[in-house]
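A short write-up of the structure that comes next.
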2 protein chains.
Amino acid sequence: MFELIQTDKETKARRGRLTTAHGVIETPIFMPVGTQGTVKTLHPDDLLDLGSQIILGNTYHLNLRPGLDVIRAAKGLHQFSTWDKPILTDSGGFQVWSLAKLRKISEEGVQFANHLDGSKMMLSPETSMEIQATLGSDIAMLFDECPPYPCEEKYAADSLALTTRWAKRCKEWHEENASKIVPWMTEPSLLGESPMPQPRQLAFGIVQGSSYAELREQSAKELIEIGFDGYAVGGISVGEPEHEMIRAIDNAVPHLPADKPRYAMGLGTPPQMLEMIARGVDMFDCVMPTRVARHGLAFTEDGPIHIKNKEFEFDQRPLTEYTHPSVARFSRSYIRHLWRAKEMLALRLLSFHNLHFYLRLMQQSREAIEAGTFAEFKDAFITRYNSHKEQ
Amino acid sequence: MFELIQTDKETKARRGRLTTAHGVIETPIFMPVGTQGTVKTLHPDDLLDLGSQIILGNTYHLNLRPGLDVIRAAKGLHQFSTWDKPILTDSGGFQVWSLAKLRKISEEGVQFANHLDGSKMMLSPETSMEIQATLGSDIAMLFDECPPYPCEEKYAADSLALTTRWAKRCKEWHEENASKIVPWMTEPSLLGESPMPQPRQLAFGIVQGSSYAELREQSAKELIEIGFDGYAVGGISVGEPEHEMIRAIDNAVPHLPADKPRYAMGLGTPPQMLEMIARGVDMFDCVMPTRVARHGLAFTEDGPIHIKNKEFEFDQRPLTEYTHPSVARFSRSYIRHLWRAKEMLALRLLSFHNLHFYLRLMQQSREAIEAGTFAEFKDAFITRYNSHKEQ
């Protein structure tokens with residue numbers, strides 16, 4: 001299901017191909033985040049225009065609203081949101097950590113008060129996998145405990161042990177039950193006429209272990225022992241400094257099998273993603289490109305710009321030279337006007353542009369790996385991107 | 001420039017064809033409102049998908065923000081907003097009446113404090129026409145005084161006399177100066193390679209006279225004497241009951257020449273537009289389809305529905321049977337979820353749907369006039385649309 005096509009000579013960067021029920025994705029890949037069953041401000045056709053190969057859906061949010069009854073009535077998240085390409089769902093563990101209140105962690109799972117109306121809810125390895133099966137994602141993530149940063153070694157070790165025990169329960173539940181619940185497995189006609197390229201829901205493990213190299217290694221080995229279709233590095237992008245984030249990757253990735261995809265969760269800035277690709281990471285997701293768009297920020301090869309700035313008042317150029325034609329037709333002057341006039345089209349154009357920037361960066365990375373020029377590409381990109389700051 | 005193609009036998013409904021610099025529009029026609037240089041939530045490509053033939057831009061708003069310097073740098077509103085089809089601009093008179101504070105009307109024009117920062121500004125027949133020439137709209141509206149409803153006959157008569165004097169000044173300024181300012185007249189290359197179908201900016205008069213039949217007749221005759229490319233009925237949709245609105249049209253339209261387009265400003269609901277078409281009106285504009293979309297309302301053949309309603313929680317049907325495919329792919333259940341989750345895509349889909357409903361109603365009207373079945377179409381539509389209320 002994961003085919004490793006090529007490994008870069010100078011770095012650990014790699015090209016690969018992951019086959020899922022709803023199609024094949026080429027790695028390295030960035031996954032736009034559709035928290036509530038939609039990538040904010042965008043239509044599924046926009047995502048196709050952008051060449052998005054896969055999007056991410058959010059177990060915690062979708063389970064709360066619209067709720068599983070509504071998703072079930074629509075025969076899964078693909079049909080509900082009219083997105084025919086692959087979907088990865090997270091397990092909800094990170095949102096329980098970041099959004100919910102009054103969390104109580106036990107061997108069974110996590111009891112918490114949700115952030116919408118404070119109702120008491122329970123997420124456990126089994127319920128998380130059941131929700132993800134009901135959503136019918138192509139890739140389900142195991143339910144983990146995400147320790148905070150910083151974190152004492154004792155806490156990190158205990159948390160990791162719990163995550164490993166939960167990983168076993170996730171795997172057992174998934175093997176036993178997923179095929180009876182995933183809508184496109186119970187009703188294969190939902191996939192259309194063509195044979196399913198991958199007739200089951202994939203499950204990925206999540207390596208934890210905080211800042212501790214031995215714990216990261218132990219986590220990777222225990223998860224591999226259980227056996228997953230891919231491995232994520234979790235517990236990063238939780239407020240730690242960038243060198244800690246890179247160290248977590250450096251501590252985890254070397255212990256992961258070459259023939260499975262590797263996913264760095266919740267990352268990152270364009271330079272961070274290139275650094276991660278150079279370390280052998282294949283998959284990324286991040287709310288950043290769409291979230292900062294809603295704050296008026298556009299990514300460019302020379303670093304981000306704030307569209308509200310006076311300097312763009314008469315600027316007839318597009319946001320960047322290589323942005324998508326659907327955005328390139330508009331001047332910075334016009335987009336600045338939309339922003340100041342509080343027109344939603346501003347947020348839509350900036351979201352579209354930023355995702356285009358991220359997806360193009362992945363395409364450029366794949367091409368550079370193929371051409372054997374990834375190291376130069378990465379260094380040149382990062383130098384230019386950061387030069388703006390130093391002015 | 002306006003070709004009357006066909007008049008209905010049973011009603012006064014008519015089909016026509018108006019040629020402007022940026023193309024030909026088929027009437028009866030609805031013009032989506034792009035107050036601030038964009039139809040709220042939509043991309044110009046969406047408007048092309050919808051088959052929108054013309055949009056409306058707003059002199060008062062665009063003059064305030066982004067301001068004429070910015071529009072001038074972009075070489076007009078078409079280039080600024082990347083909209084290559086016809087644009088009609090209003091004169092600003094209505095917004096001075098509805099938005100501005102501390103209005104002081106004199107022979108010269110209206111002095112007022114704008115609604116954004118309270119700065120004192122002046123709009124006069126000459127400045128309104130100059131702004132509209134700078135915007136480079138295909139159709140400019142004369143600067144009128146819009147009396148309130150209800151309105152004493154003496155006030156209405158004095159106001160009408162002022163509007164007539166202003167109409168003369170508008171016409172004089174326009175004939176003398178527009179060709180030196182309208183960007184596509186000074187730089188014809190902006191229209192591309194093809195010859196301009198109509199090489200000048202059109203100017204429309206606005207019939208006033210409040211609820212008084214004699215004043216409406218007088219206004220129409222005075223404007224015709226001055227001579228305009230089309231005639232609007234103004235001072236309606238200002239809070240009067242529906243029968244007064246229809247009376248204003250009945251009082252004005254019979255006095256307007258058959259060979260010029262007639263435009264009912266700021267209307268209306270779907271049944272109101274059909275009633276107006278039956279009375280010989282050719283053009284409409286209204287913020288209603290996009291504004292009510294932002295309040296969760298979708299037009300249907302059975303009357304409007306509120307998408308937030310519980311009854312749609314599991315409803316797998318599209319908003320309407322005949323909506324545009326770009327919206328029809330989504331269930332009411334999904335759009336309700338987007339609405340409850342405060343996702344902007346909800347507002348975008350509802351705006352798109354409602355404009356589709358309005359534009360389709362115009363297309364159906366043109367087809368019914370052509371087939372000689374307009375009266376039946378109108379009656380059947382209105383009966384079904386209103387039956388919902390009576391249940």
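Along the chain as shown, residues are numbered 1 onward.
Cβ coordinates come from backbone N, Cα and C, glycine included.
Quick look at what TrEMBL lists:
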type     : residues                                                  : note
DOMAIN   : A:11-386                                                  : domain 'tRNA-guanine(15) transglycosylase-like'
ACT_SITE : A:D90                                                     : active site, proton acceptor
BINDING  : A:D90, A:S91, A:G92, A:G93, A:F94, A:D144, A:Q208, A:G235 : substrate binding site
ACT_SITE : A:D285                                                    : active site, nucleophile
REGION   : A:290-294                                                 : region 'RNA binding'
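Sequence features, as recorded in TrEMBL, placed on the structure.
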residue: A:D90; record: active site, proton acceptor; Cβ contacts under 8 Å, 6 or more apart: A:L56, A:G57, A:N58, A:T59, A:Y60, A:M141, A:M265
residue: A:S91; record: substrate binding site; Cβ contacts under 8 Å, 6 or more apart: A:T59, A:S128, A:M129, A:Q132, A:A140, A:M141, A:L142, A:F143, A:D144, A:C170, A:I206
residue: A:G92; record: substrate binding site; Cβ contacts under 8 Å, 6 or more apart: A:N58, A:T59, A:Y60, A:N63, A:L123, A:S128, A:I131, A:F143
residue: A:G93; record: substrate binding site; Cβ contacts under 8 Å, 6 or more apart: A:V110, A:L123, A:S128, A:F143, A:D144, A:E145, A:C146, A:I206, A:G234
residue: A:F94; record: substrate binding site; Cβ contacts under 8 Å, 6 or more apart: A:Y60, A:C146, A:G234, A:M265, A:G266
residue: A:Q208; record: substrate binding site; Cβ contacts under 8 Å, 6 or more apart: A:D144, A:E145, A:C146, A:P147, A:A156, A:S159, A:L160, A:T163, A:L215, A:R216, A:S219, A:G234, A:G235
residue: A:D285; record: active site, nucleophile; Cβ contacts under 8 Å, 6 or more apart: A:F30, A:M31, A:P32, A:V33, A:L56, A:L88, A:Y263, A:M265, A:G266, A:L267
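Listed in sequence order, the residues A:W97, A:M141, A:L142, A:F143, A:E145, A:C146, A:I206, A:G234, A:M265 complete the 8 Å Cβ shell around the substrate site centroid, once A:D90, A:S91, A:G92, A:G93, A:F94, A:D144, A:Q208, A:G235 themselves are left out. DSSP classifies the residue listed as 'active site, nucleophile' as strand under the three-state reduction. According to DSSP, the secondary structure content of the region 'RNA binding' (A:290-294) in residues is 4 helix, 0 strand, 1 coil. Confidence annotation: the domain 'tRNA-guanine(15) transglycosylase-like' (A:11-386) carries a mean pLDDT of 96 in the model.
When Cβ atoms from all protein chains are considered, those within 10 Å of A:D144 (substrate binding site) total 32, not counting its own.
Classification of A:F94 (substrate binding site) by DSSP places it within a helix.
Within 10 Å of the C-beta of A:G235 (substrate binding site) there are 34 other C-beta atoms, taking all protein chains into account.
Of all residue pairs in the substrate-binding list (A:D90, A:S91, A:G92, A:G93, A:F94, A:D144, A:Q208, A:G235), the one with the greatest Cα separation is 15 Å apart.
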